[in-house]
Amino acid sequence: MKLTCVMIVAVLFLTANTFVTAVPHSSNVLENLYLKARHEMENPEASKLNTRYDCEPPGNFCGMIKVGPPCCSGWCFFACA
């Protein structure tokens with residue numbers, strides 16, 4: 001019983017220690033993430049999540065023989081729509 005309690009306390013202490021020491025100045029990091037997210041909400045053009053680099057733009061060939069990324073729009077009829 002005592003060993004179980006000691007193990008639980010040790011695990012809790014090590015977990016808390018890991019979270020505290022994982023990111024130096026964690027309050028600044030969280031603040032910067034909040035400001036960046038707020039900026040992206042106000043200006044959706046600034047969001048990198050809306051940009052797809054793994055797809056073909058409209059007008060590019062997308063036939064059956066082509067091996068590569070799919071069309072950004074999802075529509076293909078010999079050329080991306």
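Using N, Cα and C of the backbone, Cβ positions are placed for all residues, glycine too.
Some features that Swiss-Prot has for this protein:
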type     : residues    : note
SIGNAL   : 1-22        : signal peptide
DISULFID : CYS55-CYS72 : disulfide bond
DISULFID : CYS62-CYS76 : disulfide bond
DISULFID : CYS71-CYS80 : disulfide bond
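Sequence features, as recorded in Swiss-Prot, placed on the structure.
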{"residue": "CYS55", "record": "disulfide bond", "DSSP (3 states)": "coil"}
{"residue": "CYS62", "record": "disulfide bond", "DSSP (3 states)": "coil"}
{"residue": "CYS71", "record": "disulfide bond", "DSSP (3 states)": "strand"}
{"residue": "CYS76", "record": "disulfide bond", "DSSP (3 states)": "strand"}
Cβ neighbour count (within 10 Å, all chains shown) around CYS71 (disulfide bond): 18
Residues satisfying Cβ distance under 8 Å from CYS55 (disulfide bond), sequence separation of at least 6: PRO69, PRO70, CYS71, CYS72
CYS62 (disulfide bond) versus CYS80 (disulfide bond) - Cα distance in angstrom: 6
Chain-internal residues near CYS76 (disulfide bond), provided their CB is under 8 angstroms and they sit 6+ positions away: CYS62, GLY63, PRO70
